[in-house]
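Visitor: Mind looking over this structure? Questions follow.
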Amino acid sequence: MITLTHNMILLPFLVAFVSCNAPPVPTDDIIIEKTFSPEQCLRAVKNGDYVRYHYNGMFPDGKKFDSSYDRGSTYNVFVGRKQLIAGMDKALLGMCVNERRLVKIPPHLAYGKDGYGDIIPPNSVLHFDVLLLDIWNSEDQVQSNTYHTPEHCGRKVQVSDYVRYHYNGTLLDGTLFDSSHTRMRTYDTYVGIGWLIAGMDQGLLGMCVGERRIITMPPSLGYGENGDGSDIPPQASLVFDVVLLDLHNPKDEIAVEVQHLPDPCPRKSAVGDFMRYHYNGSLLDGTFFDSSYSRNHTYDTYIGKGYVIVGMDQGLLGLCIGERRRITIPPHLAYGEEGTGTKIPGSAVLVFDVHVIDFHNPSDSVEITSTKPESCSPLSKNGDYVKYHYNASLLDGTDIDSTHNYGKTYNVVLGAGQVVIGMEQGLMGMCVGEKRRLVIPPHLGYGERGVEGEVPGSAVLVFDVELIEMEEGLPEGYMYVWNDDVSPDLFVEMDKNKDGKVEASEFSDYIIKQVNEGRGRLAPGFDPNRLIENMFNNQDRNKDGHITEAEFKLKADETTHDEL
């Protein structure tokens with residue numbers, strides 16, 4: 001390359017000139033032929049602009065005397081400040097980035113009668129094939145052009161916010177120098193506090209999550225006079241195509257948006273409650289990362305106790321059963337700078353759309369709401385045999401079961417462990433015709449396991465119960481009681497064959513006869529044959545298969561056996 005004084009011209013990107021297509025020889029002024037014009041021309045060169053261009057310089061016979069290509073570096077210069085030969089100062093005016101021109105310059109607008117040393121003879125006409133790559137002005141500032149605005153923008157980037165974004169970085173002529181997309185990793189940084197080049201610090205301000213914008217900056221706000229030493233040349237304008245994916249501030253707390261609030265709401269969740277809820281989890285840009293719905297199973301956990309991330313622990317407090325809310329959690333209250341290593345990137349804001357199915361506290365008892373008939377007695381107690389109808393559901397209204405589906409009542413002996421503890425408690429003290437709603441926490445229902453295919457684990461149950469019929473039970477510890485006075489010859493009456501021993505059949509026949517004649521009563525709700533068998537076994541103390549008079553005793557004489 002030839003070394004030129006401030007009157008010499010060197011231009012960005014010139015391709016070899018084809019002599020057969022050369023413009024006519026200039027006389028008084030330069031001759032310009034535009035060989036390529038870009039579709040868009042956002043800006044044209046004017047006096048005072050700084051340009052970067054490539055060029056090939058040739059004589060009219062096609063002989064090359066200089067080329068920026070050969071040096072592997074663009075020519076960078078201010079236009080209109082006499083840093084170029086007069087003809088080139090004129091030739092560059094009005095050019096657009098990526099425009100290509102063939103320029104012919106007469107001697108008086110080039111090196112005149114003196115020429116330039118041994119390189120350019122006196123009175124030489126010069127041809128230049130010029131390609132403009134960059135243009136900026138010392139007064140330029142950052143330019144931002146938003147080409148996609150999200151429908152909702154709840155918050156915009158401010159100084160000291162932390163952002164995650166993707167970008168493509170190009171020079172003004174479109175040459176790609178960097179891209180976060182190719183690395184498949186967002187660029188994560190604080191904004192406005194000097195962690196970025198000045199132009200990007202300014203250009204990101206005011207963006208919404210999901211917004212896309214073109215940020216163009218002069219070199220003074222980019223990498224300046226030296227470039228980055230590799231892909232970004234000195235004095236280069238930079239263009240960043242940015243999409244903002246995430247935004248938070250280290251001072252942020254969780255944000256809660258209630259989307260549905262049930263009415264009434266008799267109780268709100270508190271620290272120590274056990275909650276079952278469904279959720280969809282996404283990043284702030286809408287990227288899905290997890291859902292309880294896809295697993296067809298609620299997420300079940302204690303709240304306020306550190307079993308979930310801090311932000312969720314906070315966001316699940318004060319909810320009603322059936323409530324839907326959106327909980328937005330900054331990374332320092334979620335998975336922090338590291339993320340999860342898979343679906344949740346580092347420093348990611350998380351958005352959970354939550355639907356509360358139920359919650360309870362381990363200290364909860366059965367909740368009873370009652371509607372009683374005018375006359376309400378007697379009241380059910382341990383040992384009573386009750387018949388009732390019920391409709392069973394979960395707290396969210398999901399039906400589980402109903403006796404009405406089978407057209408018959410459900411029958412149990414209270415205190416015999418034939419139903420879950422909560423139901424047994426809820427049926428105590430009822431009268432026939434009474435209706436109750438029983439809310440039973442899982443530790444008094446089906447516990448953590450539930451009933452496969454019917455009742456989810458840790459589910460609160462709701463039973464709408466109506467007591468239809470009740471038979472009074474026997475005193476605790478009794479399987480049989482006398483309605484009349486006990487015969488003093490009881491053993492003799494049982495010993496039908498008078499052999500001094502009561503066989504099992506004799507014992508059974510006698511008890512059944514007493515019951516049928518109304519003189520005695522077996523404990524209701526149990527298999528009578530099984531009861532009689534147990535009574536016989538209790539009396540048969542030596543287990544020889546029959547009862548002797550010495551073995552035979554009434555309950556009144558006993559303290560440890562459930563028998564007569």
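Every residue gets a Cβ built from N, Cα and C, even glycine.
Grabbed the feature section from TrEMBL, which reads as follows:
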- 48-136: domain 'PPIase FKBP-type' (DOMAIN)
- 160-248: domain 'PPIase FKBP-type' (DOMAIN)
- 272-360: domain 'PPIase FKBP-type' (DOMAIN)
- 383-471: domain 'PPIase FKBP-type' (DOMAIN)
- 482-517: domain 'EF-hand' (DOMAIN)
- 527-562: domain 'EF-hand' (DOMAIN)
- 1-20: signal peptide (SIGNAL)
Visitor: Against which stretches of its own chain does the domain 'EF-hand' (482-517) lie, if we need a Cβ under 8 Å and a gap of at least six residues from its ends?
Guide: 528-529, 532-533, 535-536, 539, 545-549, 552, 554, 564
Visitor: By DSSP, what is the split of the domain 'PPIase FKBP-type' (383-471) into helix, strand and coil residues?
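Guide: Per DSSP, the residues of the domain 'PPIase FKBP-type' (383-471) fall into 13 helix, 37 strand, 39 coil.
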Visitor: Could you give me three numbers for the domain 'EF-hand' (482-517), the DSSP helix, strand and coil residue counts?
Guide: 18 helix, 4 strand, 14 coil
Visitor: Of the residues in the domain 'PPIase FKBP-type' (272-360), how many are helix, strand and coil by DSSP?
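Guide: Result for the domain 'PPIase FKBP-type' (272-360), in helix, strand, coil order: 13 helix, 36 strand, 40 coil.
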Visitor: What average pLDDT is reported by the model for the domain 'PPIase FKBP-type' (383-471)?
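Guide: Over the domain 'PPIase FKBP-type' (383-471), the predicted model scores a mean pLDDT of 96.
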